[in-house]
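See structure below.
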Amino acid sequence: MIVVLVEHSQGVFKKKSLEAVLYAAHIAKEMGTDITAVAMGNVPDSEMQTLGAYGAQKVLHTTDARLDNFNSKAYAKVVVAAAQKENAKVIIGLHDTTGKAVMPRVAARLQAGLVAGAVGYPDLSKGFTVKKNVFSGKAFAFVNVTSDTKVISLMPNTFPVVKGEGSATVEQMEAGLSDADFSVKVLEVSKASGSVPLSEAELVVSGGRGLKGPENWYVLEALAQELGAATACSRPVADAHWRPHGEHVGQTGGTIRPNLYIAVGISGAIQHLAGVNGSKTIVVINKDPEAPFFKAADYGVLGDAMEIVPKLTEAVKKFKAGQN
Amino acid sequence: MKILVCISQVPDTTAKIAFSDNNTTFNTQGVTFIINPYDEWYALVRALELKESGPATAVHLVTVGKADAEPVIRKALALGGDEAIRIDADSNDPYSIAANIADYAKAHNYDLVLCGKESIDYNNGSVGAMVAELLDMNFLGFASKIDVAGTTVTVKREIDGGEETDACELPLVISCQKGVAEARIPNMRGIMAARTKPLTVVAGAAVAAVSSITGYEMPPAKSGVKMISADNMDELVKLLHSEAKVI
């Protein structure tokens with residue numbers, strides 16, 4: 001059996017979790033086994049049944065109001081309970097802020113090997129070997145898990161999400177949670193509303209020092225809004241407090257792998273490239289023809305950002321109008 | 001309050017990444033090793049600040065590795081910290097690293113364990129949470145602010161799609177990222193003092209590795225950039241739609 005942890009936002013499963021279920025389904029097929037998803041907190045039964053369309057046969061649901069706040073200790077306990085109940089050989093979660101806290105705990109509890117940030121399916125002809133990013137995206141490594149139970153956290157936005165047919169059965173699960181599992185007191189939660197979280201954005205518009213100052217960011221924001229993209233920035237920009245540090249991508253910031261990364265006024269230092277070179281398509285807009293980023297780009301535009309970005313925004317607007 | 005800071009050595013951020021032995025070994029020739037930036041800039045510096053401002057009584061540094069890890073732990077001692085421990089074991093498998101640290105931490109009663117959010121070489125980001133599980137402690141990941149008052153720790157941290165501020169009683173494990181502290185540069189006094197600070201080597205725990213890296217691969221090279229005229233953004237949009245298929 002394969003157990004997969006699914007995350008939701010206000011009762012609706014996140015797209016990256018559907019991706020994780022599909023990923024598990026692919027592995028289950030190869031291993032000749034089934035999938036059980038693990039959901040926590042307030043999710044309607046109808047939503048849980050839809051996981052069947054992504055390959056899950058069953059959903060174990062632990063309802064406990066205390067699980068509405070993220071807590072790695074309690075979440076890990078629920079996943080371990082599900083894994084033991086289902087006698088799972090493979091346990092899958094996401095390599096996001098939730099999974100990075102939960103999956104290592106699960107692995108440690110079960111003394112299982114962990115592949116953190118998988119970008120490929122396990123190669124069963126070579127034991128249980130899974131490809132992952134290393135050196136902040138500068139290379140890949142193949143990790144062979146030798147324990148009986150295997151734990152994988154999947155890098156979001158690695159595989160396409162395609163809905164199929166089917167409905168999953170839903171079963172309530174008691175995970176034996178106690179007050180001691182909830183000793184972290186949540187004082188304040190602030191969730192970005194409306195905008196796309198950077199880590200799961202398919203399209204990203206990013207700015208560097210070439211934009212000259214925070215007052216010029218409106219051109220990027222207009223483009224991002226037109227595309228439905230998230231905004232990011234380079235390290236010097238975050239260090240100068242032009243943008244919040246959560247937007248910093250690169251070796252010492254976040255690593256992202258969107259479908260489209262548009263880099264505006266970023267020269268492309270090796271540390272920056274490390275955080276973004278998993279992007280499927282890279283567009284570089286820079287006025288310096290020697291900017292190293294052009295070598296890593298698919299498309300390049302030479303010129304001043306303040307002139308080009310508004311033109312690109314207009315072109316996107318025109319294209320979208322033509323689509324409708 | 002006794003703090004244990006987990007230190008990992010990693011290749012310099014500008015190091016050329018190459019592999020030898022038929023792509024099975026990371027080629028360390030000509031590579032300079034540094035303290036993992038998240039461990040140094042944030043976890044270690046915040047631990048030192050907490051000692052300077054009062055709440056911490058001791059700051060110990062721990063690394064899991066062979067003797068070649070010692071220069072880097074000495075560099076960390078030059079920034080500060082009372083003593084360092086090297087657990088003499090292989091550092092290839094996150095679970096065995098965590099089991100070694102947890103084993104040591106359990107025997108020495110640390111109140112707070114700090115680490116970076118991930119190491120910039122293997123990018124697992126899993127040791128902190130594993131240590132927490134093995135010690136049955138709470139784990140707060142991706143902290144951007146850490147304050148301690150008495151036995152209560154207040155942590156601002158990243159969660160999926162936002163930020164959260166939590167209060168938690170010691171003992172506790174926290175992984176640190178930008179915002180927790182400002183990077184420091186070691187001074188001459190620190191470098192001199194580091195030479196005589198205790199660096200204890202302890203034997204590794206009896207833990208078997210549960211994973212291993214069997215090979216490496218470089219990402220495929222880009223086929224070359226297609227330059228588009230600044231006056232023809234319609235063309236760029238068309239290519240992004242019909243050729244790259246991303247919009």
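Cβ atoms are placed via backbone N, Cα and C, with glycine included.
Annotation comment: TrEMBL describes A:2-186 as domain 'Electron transfer flavoprotein alpha/beta-subunit N-terminal'.
As annotated by TrEMBL, FAD binding site applies to A:ARG209, A:SER234, A:ARG235, A:GLY265, A:ILE266, A:SER267, A:GLY268, A:ALA269, A:ILE270, A:GLN271, A:HIS272, A:ASN286. If you draw a 10 Å sphere around the CB of A:ILE270 (FAD binding site), it holds 18 other CB atoms from the protein chains shown.
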CB-CB under 8 A to chain B: among binding-site residues A:ARG209, A:ARG235, A:ILE266, A:GLY268, A:HIS272, passing residues in order are none
For A:HIS272 (FAD binding site), the nonlocal same-chain Cβ neighbours (under 8 Å, six or more residues apart) come out as A:GLY208, A:SER234, A:ARG235, A:VAL249, A:GLY250, A:GLN251, A:ILE266, A:PHE293
Express the predicted model's confidence over the domain 'Electron transfer flavoprotein alpha/beta-subunit N-terminal' (A:2-186) as a mean pLDDT, rounded to an integer. 96
Max pairwise CA distance, angstrom, over record-listed FAD binders A:ARG209, A:SER234, A:ARG235, A:GLY265, A:ILE266, A:SER267, A:GLY268, A:ALA269, A:ILE270, A:GLN271, A:HIS272, A:ASN286: 18
